[in-house]
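Q: What TrEMBL records for this protein is below:
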ACT_SITE  ASP90  active site, proton acceptor
BINDING   GLY19, THR20, VAL21, GLY22, VAL23, GLY24, LYS25, SER26, THR27, ARG150, ILE151, LYS152, GLU153, ARG154  ATP binding site
BINDING   GLU43, TYR55, GLN66, ARG91, ASP96, GLU159  substrate binding site
DOMAIN    15-214  domain 'Deoxynucleoside kinase'
Amino acid sequence: MNARERYGIPHDSVITIAGTVGVGKSTMTNALADALNFRTSFEKVDTNPYLDKFYQDFERWSFHLQIYFLAERFKEQKKIFEYGGGFIQDRSIYEDTGIFARMHYEKGTMSATDYETYRNLFDAMVMTPYFPHPDLLIYLEGSFDDILSRIKERGRPMEQETPIEYWEEMFTRYDNWIDNFNSCPVLRLNIADYDVLNDKTSIEPVLEKIGHFIQQSRKWRSSHLLT
Ligand SMILES: Nc1ncnc2c1ncn2[C@@H]1O[C@H](COP(=O)(O)OP(=O)(O)O)[C@@H](O)[C@H]1O
Ligand SMILES: Nc1ncnc2c1ncn2[C@H]1C[C@H](O)[C@@H](COP(=O)(O)O)O1
């Protein structure tokens with residue numbers, strides 16, 4: 001029996017990994033996809049034509065970047081839907097609007113008009129009954145110092161040159177955002193409680209929790225559809 005069957009995780013599950021920059025989403029995405037034999041959906045950082053420019057000048061490029069991310073993530077959603085699930089997704093579409101676009105608007109690096117245009121587009125594309133929400137959002141959290149060390153260790157130049165206040169602001173916003181998030185079931189994992197890089201067995205308790213959560217939420221969904 002494989003891990004997916006052992007923990008009762010349906011073959012068509014869609015699991016999205018959320019959390020601030022550097023917390024370990026991509027690493028967790030790979031570990032879960034390996035363990036469950038699922039496909040992955042990654043953010044493309046190296047080929048993003050706006051990201052470098054955005055970090056040089058938030059005001060000039062924040063709207064362009066948000067539109068680019070929205071288009072990319074929507075294409076990925078479509079792909080996941082067409083395959084019929086069985087995916088681990090690196091970052092949720094909810095974070096683009098709930099964290100990034102909102103933060104840049106509120107900090108004055110995206111204009112009110114651009115933000116409104118973006119929100120209208122986001123709502124029209126995403127917040128419809130036809131948009132499938134994930135079975136589970138896994139929220140990775142940890143201490144600010146640990147996350148900052150990971151950003152430094154990864155060493156993307158554009159992120160190294162960004163003031164620490166930017167990462168602090170994002171960290172605080174993530175905390176508030178997840179406490180109020182209710183678009184799909186959430187499993188919170190603290191990065192101090194597992195180490196999928198150095199201890200492969202630490203993924204097992206995570207798989208067990210995922211199985212439990214998805215079974216509960218599917219039961220809940222089907223009983224509410226029946227009544
Ligand atoms: N469990 C872990 N222990 C130690 N370092 C980790 C762990 N998970 C990720 N990292 C490291 O932290 C950095 C950021 O991880 P990454 O998965 O790219 O984060 P994200 O996708 O959230 O931005 C990378 O250098 C990665 O190797
Ligand atoms: N929606 C976004 N707006 C601005 N910046 C974003 C958005 N989504 C991702 N990013 C940035 C943050 C990081 O520098 C890279 C990749 O994110 P990561 O959390 O490391 O996967 O893109």
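Placement of Cβ uses the backbone N, Cα and C atoms for every residue, glycine included.
From a predicted model like this one, the values you see are computed outputs, not experimental measurements.
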Q: Return the members of VAL21, VAL23, THR27, GLU43, TYR55, ASP96 (the binding-site residues) with CB less than 6 angstroms from at least one atom of ligand 2, or none.
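A: List returned for ligand 2: VAL21, GLU43, ASP96.
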Q: Among the binding-site residues GLU43, ASP96, ILE151, which have a Cβ atom lying under 6 Å from any atom of ligand 1?
A: none
Q: Could you tally the C-beta atoms, other than its own, that fall within 10 angstroms of the C-beta of ASP90 (active site, proton acceptor)?
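A: Around the Cβ of ASP90 (active site, proton acceptor), 19 other Cβ atoms lie within 10 Å.
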Q: What residue among the binding-site residues ASP96, GLU159 has the most other CB atoms lying within 10 A of its CB?
A: ASP96
Q: Excluding near sequence neighbours, so keeping only residues 6 or more apart in the same chain, what lies with its CB under 8 A of GLY19 (ATP binding site)?
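A: The answer is LYS25, TYR139, LEU140, GLU141, TYR174.
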Q: Pairwise over GLU43, TYR55, GLN66, ARG91, ASP96, GLU159, annotated as binding substrate, what's the top Cα to Cα distance to the nearest Å?
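A: Site span for substrate, by Cα atoms: 19 Å.
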Q: Just report the maximum Cα pair distance in Å for the recorded ATP binders GLY19, THR20, VAL21, GLY22, VAL23, GLY24, LYS25, SER26, THR27, ARG150, ILE151, LYS152, GLU153, ARG154, no decimals.
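A: With GLY19, THR20, VAL21, GLY22, VAL23, GLY24, LYS25, SER26, THR27, ARG150, ILE151, LYS152, GLU153, ARG154 as the binding residues for ATP, the largest Cα distance is 17 Å.
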Q: Report the same-chain neighbours of THR27 (ATP binding site): residues 6+ apart in sequence with Cβ closer than 8 Å to its Cβ, ordered by sequence.
A: VAL196, LEU197
Q: Across the domain 'Deoxynucleoside kinase' (15-214), what does the mean pLDDT come to, as a whole number?
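A: On average, pLDDT over the domain 'Deoxynucleoside kinase' (15-214) sits at 95.
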Q: Of GLU43, TYR55, ASP96, which binding-site residues are close to ASP90 (active site, proton acceptor), meaning a Cα within 10 Å of its Cα?
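A: Within 10 Å Cα-Cα: GLU43.
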Q: Among the binding-site residues LYS25, ARG91, point out the residue whose Cβ has the most other Cβ atoms within 10 Å, with all shown protein chains included in the count.
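A: Of the binding-site residues LYS25, ARG91, the highest Cβ count within 10 Å belongs to LYS25.
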Q: I'd like the number of other C-beta atoms within 10 A of the C-beta of ILE151 (ATP binding site), please.
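A: Counting Cβ neighbours of ILE151 (ATP binding site) within 10 Å gives 18.
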Q: ILE151 (ATP binding site): which of the binding-site residues GLU43, TYR55, GLN66, ARG91 have a C-alpha within 10 angstroms of it?
A: none
